[in-house]
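Chemist: To start, I am sharing the structure in question, which I have written as structure tokens.
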Amino acid sequence: MARKLAAGNWKMNGVEADLAEVDALGEAVAAANCDVLLCPPATLIAPMAKRAGLMDLYVGGQTCHTAASGAHTGDVSAAMLADAGASHVILGHSERRADHGERSEDVAAQVTAAIDANLIAIICVGETEAERDANVTLNVVSSQLAGSIPTGATPAQIVVAYEPVWAIGTGRTPTLEQIAEVHDHIRSELAARRGSAANDIPLLYGGSVKPGNAAEIFAVSNVDGALVGGASLKASDFGGIIAALSAA
């Protein structure tokens, strides 16, 4: 049985003053019947981790390099994330795939680096609007899963997040039936490779999750939580999503 996880991705948002939102999450985190994770920009991981240490809150990174160290100006290694206090890292997010040309094989190498640094890798998969319209969503997701998850990764070391690219930050969400179809497919694909152990891998939905639609999304089969973007920036919004997942 997979653990429920509410994960917030701050993306390129936030300065130290915004950590007041973390303090404001304290009550929601204390009452949560799920794991709660925030992934801020790299500059905020260490100060956020200090606050998180006072509550049952995990902190993560948003990407990592495949190398442990070296001449890679501007990059951050998985070991650096861990040293700053991170326990998780988001990998293969559609914005990284699009903006930085990261391919599934690159993501797999990043996952290996993350695991070597004792980080849990949140591996993102999902289709573009054109791929959805062409009815190749499941093929795309299968290909990304096969290419992005290294063979040696164990269920305890990974989380999979389904994020339809066309729903991220747009206010649009797939129908509940569409979410169920993809999440059931992901579970089936993982089971084909990992057997019954695949049931221990949390499957998150990401794409315009808000307090108002969270409960119905969390009622969908094989949805174990959410990867939340904009709504994770405000404690009032993210707290509502945490409460909805706790009640699911």
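Glycine residues also receive a Cβ, built from the backbone N, Cα and C atoms like all the rest.
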Chemist: Among S148, S188, S208, which residue does Swiss-Prot annotate as binding substrate at the site that also has N9, W10, K11, G169, G229, G230?
Modeler: S208
Chemist: Give me the Cα-Cα distance between K11 (substrate binding site) and E163 (active site, proton acceptor), rounded to a whole Å.
Modeler: 15
Chemist: Excluding N9, W10, K11, G169, S208, G229, G230 themselves, which residues in that chain have a Cβ inside 8 Å of the centre of the Cβ atoms defining the substrate site?
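Modeler: Close Cβ neighbours, site residues excluded: I168, V228, A231, S232, L233.
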Chemist: Taking 10 A as the limit, how many CB atoms besides its own sit near the CB of G229 (substrate binding site)?
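Modeler: Excluding its own Cβ, the number within 10 Å is 21.
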